[in-house]
Structure formats: structure tokens, C-alpha cells
Amino acid sequence: MNWTLILPELALALVGLVAMVAGVLPKRDTTFGVSMGVLGGLLLAGVLVLAQPEGNAFGGQYVADAFTRFMKLLVVAGAALGLLLAIDWNAKEGLSKFEFPLLVLFSTIGMMIMVSANDLIALYMGLELLSLSLYVIAAFNRDSERSSEAGLKYFVLGALASGLLLYGSSLIYGFSGTTNFDRIADAISSAEGAPFGLVVGLVFVLAALAFKVSAVPFHMWTPDVYEGAPTPVTAFFASAPKVAAIALLVRVAAGPFGDLVAQWQQVIVLCSLGSMILGALAAIGQKNIKRLMAYSSIGHVGYALMGLAVGSELGVRGLLLYMAIYLFTNVGAFAVLIAMRRKGRALEGIDDLAGLGKTDPAMALAMTLFMLSMAGIPPLAGFFGKLYVFLAAVQGGFWTLAVVGVLSSAVSAYYYLRVIKVMFFDSGEALDPRPASLSMVLAGTGLFTTFFFLFPAPFLAAAQAAVAALLG
Amino acid sequence: MNAAGFPLLSLLTFLPLLGAGILLFVRGEEQAVAANARWTALWTSLITFGLSLILWFQFDKTTADFQFVERLDWMPEFGLGYHMGVDGISVLFVLLSTALTPLCILSSWEAIQSRVREYMIAFLVLETMMIGMFSSLDMVMFYIFFEGVLIPMFLIIGVWGGARRVYAAYKLFLYTLLGSLLMLLALLALWYAAGTTYIPALFELRIAPHVQVWLFLAFFASFAVKVPMWPVHTWLPDAHVEAPTAGSVILAGVLLKMGAYGFLRFSLPLLPQAVEWFAPLIFALSVIAVVYTSLVALAQEDMKKLIAYSSVAHMGIVTIGIFTMNHQGISGAIFQMLSHGVVSGALFLCVGVLYDRVHSREILRYGGVAKIMPVYAAVFMLFTMGSVALPGTAGFPGEFLVIVGAWHANPWVAFGAALGMILGAAYMLWLYRRVIFSRITRDDLRVLLDLSPREVVTFAPLIVLTLWMGLYPSSFFSFFEVSVAALVTRHEAAMALPRLAGM
């Protein structure tokens, strides 16, 4: 039973080990083969996740249900798309090393374990497996000072967050006597009022997770790391790990600490408000498009957290949809960033997009759709993401969140529009032709963003099932 | 259920989108693509217009119910559906949209030379959004179309506009977006309270007065910007001046009506107490708009800006009419919306004619045009008269009824509106005198050609409409007579009810 439940992770790990050996043994460059192998492994993992039975394994440390299925599919899709974006870029930058796809693969295993974790220890294991892989790929361009700085910065701050998490976990363990989520929930509901130490522990755990999802006030690392890391790595950072960390946050808040909603709600509300406002205001002055996307991602986390802050079933469903839509829109936008290359040199300035509307109308159109979707303009996908979380906030009577949310949406529309303005209203030289892999990703995510409104039903149903599994 | 026997409104809405989709795949030489794009866009919009005439002939004028209704499930677990339908208030705006779009495409035939294909795509998408907005019976769909208009309009102004186009495009987008997002919150609150997004079902909802106030303010934030009402009108002159001619025509002709339509569709039926409570404020703002922007119009040196300010003044009369809450006022407001759509659209086309030839919109740049372009002078004359509401032209019945309605509500408001008419005559006639009459001051004007056949074809339908609406307004009033009566009755019934608590 245990082994069949954890089959997706096992299969992925096996693919990783085989790929590692296959990468080392031959004398010639094996990057492409390993990349394809890893992509195949991710695909396999996706299929296995779909076929995964539901239940608990390893003494309740690992759980598989509709929620984990939804999140794992997103994570696997995000990782596969991220890898697809990176292959060509790495080759052009001279970073073609077979370790890259492997690190992506191992971080994906970490994310899947995070999503399925039902125990503080399993949670920590998954998180660290993810983080260690991320530290390395942030600094993957080791000859670049900026990349090394990004890796180091991420490592130091990430280690701090891990410390917070462990400290919080030990407090929780000390006051509840268990690390298992189900039994923590029992301990909280049985005692007359939760012990104070438990609440303190919870706050530490929340702080660590807020660091991982880069919510205000734990967002400081985000712009620097996003700017410094190689662009495909940034794309990866902003998609799959973010989704996984949000999943973990939701799982921890709604699962074991569901009865302490009054305690964590205030924290999440503040994080959400802060993230939305900062994401809207700080991005305005940015000239580097990766920094802009960093602040934009902070803002999006704020909107997603709004769903959690409301604490209702509808809110969590809104959050799940928001993250799904965010993931695909974001990967699409980063595909455009990765295609920004002129005479072989990668570009990062917003102004470097100038004239794209004339020189490459298809890509400019796609980027326009991504930007408008992120700004929440109907009928694009991003609008529906916002619609569901705002609806939840209004139903829960969280008017402050809702009003701040719409106001910051309007402000953030300014900088999304600026990207469109630069592409269509200014003139500039043509970019280098984009590789086929990017065109594929652009077409896929572009179609999803544009036509989500035609087929929302399967996503809604999947999110609904996930919420039902999570909240019981 | 559906008088046409097939999903007419959906077809009208999405046919232009189909045309835009076809244009996306046109390939070839730049000149050939441009020519193809022009003809495809023109035929698409003409076919759409032709189909929309079914509405004109088959619309049942004896009922206030929604007609040509279509229903489909969309997101049933959220209570969201795909609902289309028109009543007496919206049907003529659908027709206005379908009628103005081919004229806009025709007027851009030679004026737009760069990126013709993209321009035509933007216009067809815009048409889809406009028709969809006027025929949505679902709040969320309404919102989607209402906001979706911004995307093509932003690009039309930003890409094909004048020198300060970027500023104007931003201003239009951000002003409108901020207002709309607040409206979104109100829609969500209604959605939560009613459990449905089907607009006719919302009419049954009784909302507590203190809640109505908040909802009204949220709707007001959006619609007042869109109308636009003083003091949030400042985006309009900028947008008009920078937009290409056809963009101005659609902006004045249809987009401004969206705000007033929103008041009629949401604020009036849903929030009767709040409407009554806020009416004095609306009157004050509207009278200020009418008088102040008329004075501002007098001082303008740019023809387009002058007409833009006159639009603000005319829309002020519309908002006065809507909030009188009596039959004359509302009928007059709707008629004024239609006539303003035709007349101000035509005036922008008139400015476009001169601009295409001389590339200047400055009033002082012209003079004595009547001697060089007599046909044009006559056409311009007719629309100037329409704008100053001369009896016999389209402008008169609407303004007259609004003043009558306003007299019932508050004579001072009627006085303000009448003052606006007088000032309107002043600035429009002065504009006409300076541009068309007086001596020819510049020699380069002498070589100007009079209206080309294409321009005559563009103006002809507008001339016919202006005279028809002025001479026989009943054929238009008859469409919304019953719906307006129902609206007024419902409002009076709601005001007579004792105040109900709880939402």
C-alpha cells in the first residue's frame, strides 16, 4: 500500500538516479538526452499522479487526495514548462550542463513531498530537498557575479527561514506532543483552548512559509534573486516552487491548525494586504523586467493569500484557481522574457521590448494577453482568478481586503500596460528568432490564457474536489 | 421565446470576432493585406448590421420584457450563466453600435495607412465588446464586455493616435479601470446577496437602504467615469483629441453611452432609495457639467477638443434626464443618448474630413471653407444644427423632453439644462462661423477638394438619421416607451413600499 501510494515520487527519483548515471558515464555532452529523459520522467510522474489512489502512507506521514493531485499536477506542469524554457537558453549562454535538468527534477520531488506532507518532519524534508536544489540553480551561472550573489543570498535567507521553521516545529511538537498533522489537530481541538506555545510555534512556521512564497514582510530576497538568477531559473522560481509553497501553506493552515483560524487569520490578512500593496507600488519604477516580474509575483501571492485569509471553502477554491491561472500566465510571460535576445546577447530591460509589436506581432500579442491577464482584465484567465478570490472576500465580509485588492489591481495595471506600451507604441530593432520550444510554450499558455473562459468547468470541478478533500 | 428563431444576439456579438479571427490569418504583401483587411472588416460589419436589422423589424414594442433571449449554462456551480437578451432600452444601442462600426471602417479607409490589419482587428473586437455589453443579461458577462472594451480602445488610441497618444491611452485605461473595479465589488456583493447573476432576477431583490448607498457609490464610480460626469471627465478630451477619427466616433457614439446605460440597467431598478437620495448630487454635478464644460468649449482652439467638451455637456443632460425618474426625463435621456451618438459621431467625422486634408485641427487654421467645399459646408451645417438641438434635427426631441422632465423634478435643474442649450448654440455656431465662413485667410486651403464619393457614402446614413430622428422621433420612442414606463412604475412602487431591513 505504502509503495503504490508514493509511486509518482518513487518513479521520479528512479528516473533521476538513472539520468544522473547516464549523464556522468559518457564522455560527450549528454545535456540534451538527460533533459529529454527528465521531461519524460515528469510526464510519467504526471500520469502516475492522475492514477494515484487516495490514502495515507508511512504511518500517516504522507497523504494523497484530490488536493495533492491538483497541486502536484500544477507542480509537475510548471517544472516541465520551466525546463522546456531553459534548454535552449542554457545552450546559448554556455550553461549547457546535465546537472540542470537533474536539479529541476530533484526539486520537483521535493515539491511533491511538500504537497503530500502530513507531518512536520516530512514537510521539512520536502522543503529542504526543494530549497537545496534551488540554491544551486540560482547560482547556476557560476561565472556571473550576479548569479552567484543571488544564489548566496537565497541560501543565507533560506537557511534562516528553515531555522525558523524548525524552531516553530519544535515548539509545536513540545506543546502538542506529536509531529503528525492529524494528531496536532486533535490536540488543539481537545485541549480547552490551544496552549500559547503552540500558537507561537505556528507563527514561526507561518513566517518560514511566508518566506518561501515571498509574501510581505518576508519578500526582501525576491527582487534580487529574481534579477540575479539566470532568466529560466527565475521563470522556474516564480512558477512551480511558488505553487508548492502555497499548497503547503494552505495545508498547514487549514489542516492541523484549522481550529486556530482566529490566530492565523490576522497574520495571513496582513501578509495579503502588504503583498498586494507592495506588489502594486514597488513595481512601478522598475526598469529591469525581471525585477518587475518579481514584484508582480509578490502582488499575485497577495491576491492568492486573500483566498486563504477569508478562511472559507470558497476562498480556498479561489486560491487554487488563482494559482493555476497564475502558473500558466506566468510561464508564458517568462517565455517572452527568455526570447529577449538581440545579436546573441540576452536582454533584461523593459525598453528592450520596444517595437516588438512590429517586428514580432505574434509574440507581442501573446505578451499583451499575459500582461492584461495579470492585470485582471476580462475576458482573460487572470480576471477569473481575481473574480473568485474577490467573490470569496465579499462573501466573507472582508471588505478591506476586497477594496485594497481592487485598488492595487488598478495601480498594477499601470506597469503591465507599460510593457504593452513599449511593445506597440515605441519602435525598436528586431529580436533574434525564437526557438521552437519557446513558440510551443507561448502558444500553449497563450491559448490557455485567452480561452479559459470558454472551458472553466473542469478546472472549477478539480478545484472543488481538491477543497473538499482538504477541508473534509 | 426567441423571435428570430436562431441565436441572433450571439451571432451579432461574435460575428465581428470571427471576422477579426479571419484577419489574423491573412498573409501576403503589405499592400494586399491592407486592402484585404479593409474589405473583410467592412463586409463583416455590414453583414452584422444587416442581421441586426432583424431586431428593428421583429422587436415587440408592446412589452417591457427581454426579447431574443438566449440561455446557456456557463459555470453553474457559481450561478453564472450565458444570458443574452434585449429590451426596449438596450435594443437601439445594439443597432447604434452595428450602424456606426461600418461607417468608422469606411472613414478609416484612407486615413489609416500603417498596420491596417491590426487596426481593423481592433475595431471588430471593439464591436463585439459593444454589442455584447448591450445584450448581456448576466452581470458577470456585462462586466466582461464592459471592461473588455478597454483593450481595443487602448490600442486604437495608443498605436494610431496623435502626438500625446500614450498619455491619453493610459488615462483612458486607468480612469475607467479604477471605476470598473469598484463596480466589480458591487456586482460581487449583489451576486452574493441574490445567489444569481441573472439581471432580471436581480430586479426582485430588495436591498436595505444603507447597503444601497454603498452599492450606488460603487456603481457610480464606474458609470460616472464612463459617462463622463464632471469632475471625472478629464480623460475624455485627451482621449478624443489623440484618438484617430474613427476612434473618436466610436468613443462619442457608443462608449459614452455605456455609463448612462449602466445607470439605467443597474442603479435605477436595483437601488431606488439610493437613487432618490443621490439625485440632488447628480443634478448638481450634471448642471455644473453642462454649464462649465460649455464655457470651456467656448475657449477651445482645437476643433476636436471643442466637440469633446460639448459631449460632456450633452451627456450631462442625459444624466439629468435619467435621474428625474419620470417618464419624460428618462425617455428624453435615452433619445438624447441615441441622437448624440449619431450627431457627435458625425461631427467627429466632419473634423476628420478637414484633418485628412490639412492635418490640423486648429480652428484658426481654417476659414472660408464654405467657398471651397460647399457640399461639406452644408453637411457640417446640418450636424451643427443637430448639436445645438434645432427643432427638426435629432438633437431637439431629447433635450426638450429632458428639460420638461427636469421641470417636474426641480425647475432650477431645468434652468441649468436650458442654459446649456443656449451655450451650446453659442460655441457650435461660433465654431461654424470661424471654420466655414469668414474670409479665406490661407492660400493653401484653396486647393482643397470637396467630399469624395466615399465620404458622401459615409455621411449619407448619418444625414438621413439626423433628419429622421428630428422629424419623426416616434419611430424611435416607440421602442423604449413601454420599457421606460415599466421602469418608472417599478421605481414608484419601490418608493411607496415601507422600508425593508436586511439584504
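Numbering starts at 1 and runs along the chain as it is shown here.
Every residue gets a Cβ built from N, Cα and C, even glycine.
Automatic prediction, not curation, is the source of TrEMBL annotations.
Annotation source TrEMBL lists domain 'NADH:quinone oxidoreductase/Mrp antiporter transmembrane' at A:117-411.
Under the heading transmembrane segment, TrEMBL lists A:71-91 (among others). Using a Cβ-Cβ cut-off under 8 Å and counting only residues 6 or more beyond its ends in the same chain, the transmembrane segment (A:71-91) has close neighbours at 8, 31-32, 35, 38-39, 42-43, 45-46, 49-50, 97, 100-101, 104-105, 107-108, 111-112, 115-116, 230-233, 235-236, 239-240, 243-244, 247, 320, 323-324, 327-328, 331, 334-335, 338, 346, 435, 437-438, 440-441, 445, 466.
Annotation source TrEMBL lists transmembrane segment at A:98-115 (among others).
With a threshold of 8 Å between CB atoms, the same-chain residues lying at least 6 positions outside the transmembrane segment (A:121-140) that come near it are 58, 61-62, 95, 97, 99-100, 103-104, 106-107, 109-115, 147-148, 150-152, 154-155, 158, 162, 165-166, 169, 179, 212, 225, 228-230, 233, 236-237, 241, 244, 248, 252. According to TrEMBL, the transmembrane segment annotation covers A:121-140 (among others).
Look at TrEMBL and you will find A:152-176 (among others) tagged as transmembrane segment. Sequence-distant neighbours of the transmembrane segment (A:152-176) (same chain, 6+ residues past either end, Cβ-Cβ under 8 Å): 120, 123-124, 127-128, 131, 134-135, 138-139, 183-184, 187-188, 195, 197-198, 200-209, 211-212, 218, 220-221, 224-225, 228.
Beyond the ends of the transmembrane segment (A:196-221), by six or more residues, the same chain brings 127, 131, 153-154, 157-158, 160-162, 164-165, 167-172, 174-176, 187-188, 241-242, 245-246, 248-249, 252-253, 257, 260, 263-264, 267-268, 271-272, 274-275, 277-278, 297-298, 301-302, 305 to within a C-beta distance below 8 angstroms of the stretch. Under the heading transmembrane segment, TrEMBL lists A:196-221 (among others).
The transmembrane segment annotation in TrEMBL covers A:233-254 (among others). Same-chain residues lying 6 or more positions outside the transmembrane segment (A:233-254) and placing a CB less than 8 Å from one of its CB atoms are 67, 71, 74-76, 78-79, 81-83, 85-86, 104, 107-108, 111-112, 114-115, 117, 123, 126-127, 130, 134, 137-138, 140, 181, 205-206, 209-210, 212-214, 225-227, 261, 264, 268, 290, 293-294, 297, 301, 304, 308, 316, 319, 323, 326-327, 330-331, 334-335, 337-338, 470-471.
What TrEMBL records for A:266-285 (among others) is transmembrane segment.
What TrEMBL lists as transmembrane segment is A:292-312 (among others).
Under the heading transmembrane segment, TrEMBL lists A:318-340 (among others).
The transmembrane segment feature in TrEMBL is assigned to A:361-381 (among others). With a cut-off of 8 Å between Cβ atoms, the residues of this chain six or more beyond the transmembrane segment (A:361-381) that come close are 296, 300, 325, 328-330, 332-333, 336, 339, 353, 409, 412-413, 416-417, 419-420, 423-424, 434, 442-443, 445-446, 448-450, 452-453.
Residues or ranges marked as transmembrane segment in TrEMBL: A:387-417 (among others).
Within its own chain, the transmembrane segment (A:438-471) has Cβ neighbours under 8 Å at 54, 65-67, 69-71, 81, 84-85, 88, 250-251, 254-255, 258, 313, 316-317, 320-321, 324-325, 328-329, 331-332, 335-336, 338-339, 362-363, 365-366, 369-370, 373, 378-382, 384, counting only residues six or more beyond its boundaries. Residues or ranges marked as transmembrane segment by TrEMBL: A:438-471 (among others).
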